[in-house]
């Protein structure tokens, strides 16, 4: 069944955070619903739609930034009470706007996730989870990594409410009271959780920051993964999920909002597998999504809120067909009044702009006037993309970006992406960069929006020594591993801070307990690291000798800064070198073949023009001509890819002999000659020479 939805913009509020818009329950079966939304100005707005106009129900006064919103109410009654959190405070409003609750959680950090169920209030702030019942402390839990979201599972099969935390270290933590019951590994850092059935049940939907979606069934002692949807098309990360039967087949569909502006509807086929039924792209990140009936009775819609505060509906109401040229166009009274209201609003805005310009001109010429820098918020994200081992820098501001300047104190490659130029009409900008492991420093972004007077904000992003590594749940124990061991007078917190400096995705907070183990894999090569450390001792294992070399150099440098004496020992496995070369081999072979094909394209095109056609060419050359556009595009997208691989092999040679106390820089030219006429066996023989 095909789904046709049409876009309608309802209203705009201030800049919004993730999950800060909810639809209040409908009074009748097919009647319209009220919308509650909160923004960074601390204003909670509730409105309904009447004759195509947004009619406010209530609007609170400005205050602290609202980070989350949830609906609640007594069990068995409509969930129509509005709860919002600002800082460490939770406030409750009735559907008419009367404030009935102000609860101070007394947390040292701001609340970033909230769930309300009857008299139970669940809040999370970075690493801390708190459960309150009737505003009295019940349970407390300290997570090993940042908590991004929370939901609670309840059903007849379960003895009590079970809280589920979405944590940055790629796990869902299931709690029982103040204790961890068990955790569930998921394919990416989970950013959002939602119950599949709003009335309860054991099934929980999750979305990840790298764009994957999954469904898990939560039990009392364990969980089962029902299905997962990958992100082959490399769309944005998931910011919000909801379930609603928008297709009308009696089964709840999954509504998804992503940080690249994509809105998706997944329906279920007969095999109970989710399939994409509808997709629409908005120009900014989608912070909240809900399914319901807002614009007109009996017409369901997908309601979204975006980063800059636009509330937009994708409605199932059929829109009038466009008139053919020469046809008489008859507008309904409703449409005419809407056009008149928009014209009047436009005139008012033009007058306001003129008045503002005049005031600015007068004040700029005044000797007593003080120039104020306009303040603007930035929504930024610097994440490692697993597919192509590059970093994606996404910047979003509430106004158009005039220009973006990137400055780095380490060598990086700027890769081609669709939106990596800051165009005046864009309020969002994407850039992709690839770093070189072992070279670390800072990437700075200077963002200049189209505001008067001209102003600029600077954001800094750390490029770590092992920047292309990503956390993983486990590693292959059968690979040949090299080992680096550290012993010294350092605390657990000190060695943890060194690991945070070296590797991405490590929580800044020192883990609980006496020791910890982290696993990582290299997104570019597929090599791995196992890091185990405690007070006074640390062991790092990797199947790539260059990784061990980088760790040794950086860790000893950090220890020297703190004037800590380190006893460093290492155990080098010679088999790991040939193992790493075999892992590089398919990439190197592919890049060499691609470069060879690209070199042939011009000559083959000249032959084709000279001969009139390409029929005389062998099939291999004909296929190169047919695919020339794709080959050139791919070659252009991978600048210095071949040089990068040559650099890795060179580092491997130098590092192998560096651990043996030999300098082999004179051998590099001989190795490059072998690479020019590449053969894996010749390269392996060269590396095995004493």
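First residue shown is number 1, and so on along the chain.
Glycine residues also receive a Cβ, built from the backbone N, Cα and C atoms like all the rest.
Caution: TrEMBL annotation is automatic and unverified by curators.
TrEMBL lists coiled coil for one of the ranges 248-275, 276-303, 304-331, 332-359, namely 332-359. Within the chain carrying the coiled coil (332-359), a Cβ under 8 angstroms from the stretch's Cβ atoms is held by residues 51-53, all 6 or more beyond its ends. The average per-residue pLDDT of the prediction over the domain 'BBS7 helical hairpin' (574-687) is 82, rounded to a whole number.
Tertiary neighbourhood of the domain 'BBS7 GAE' (432-461): same-chain residues 360, 371, 373-374, 376, 378, 380, 382, 385, 388-393, 395, 397, 399-417, 420, 424, 467-468, 522, 546-547, 549-550, 553-554, 644, 647, 651, selected by CB-CB distance under 8 Å and a gap of 6+ residues from either end.
Secondary structure of the domain 'BBS7 helical hairpin' (574-687) per DSSP (helix as H, G, I; strand as E, B; remaining residues coil): 93 helix, 0 strand, 21 coil.
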